[in-house]
Amino acid sequence: MIKSFQLSFTVLIVFTVLILGVVGNVEQKSQDWCWSIVNKDRCLQKECESLCSKKHPKGKFMCIPSTPGGPFQCHCRHPCR
C-alpha cells in the first residue's frame, strides 16, 4: 500500500513539474507589443512594410486611419524593449 502511494505521489510530482514548465514557457513567449507611427502623412502598403521592417526587423505594419474618414497612417507593431 505504501509503494502504490509513493508511486502515485511521484507521478503527481512529475506531472506537476511538467505542467509548470509548459505554462512558464508559454508565458515567456508572450511579449508586450508596442506601436509606433512610421509615416503619419500616408500609408502605401509596400512603403509602409519597408519602413517598418527597417525600423523594427520583427515589426508588423498596418495602415490605420488617423481620424474616422481621414488619411491613413503607417503604424508598426513591434516587441517592446
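Cβ atoms are placed via backbone N, Cα and C, with glycine included.
Keep in mind that what you see is a predicted model, and the values were worked out from it rather than measured.
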Recorded disulfide counterpart of Cys63 (Swiss-Prot; options Cys34, Cys43): Cys43
Integer Cα-Cα distance in angstrom, Cys43 (disulfide bond) to Cys74 (disulfide bond): 5
Cβ atoms near Cys63 (disulfide bond) (within 10 Å, other residues, all chains): 15
Which of Cys34, Cys43, Cys52, Cys76, the listed disulfide-bonded residues, has fewest other Cβ atoms within 10 Å: Cys34
Cβ packing number for Cys80 (disulfide bond), 10 Å threshold: 8
Cβ atoms near Cys48 (disulfide bond) (within 10 Å, other residues, all chains): 21
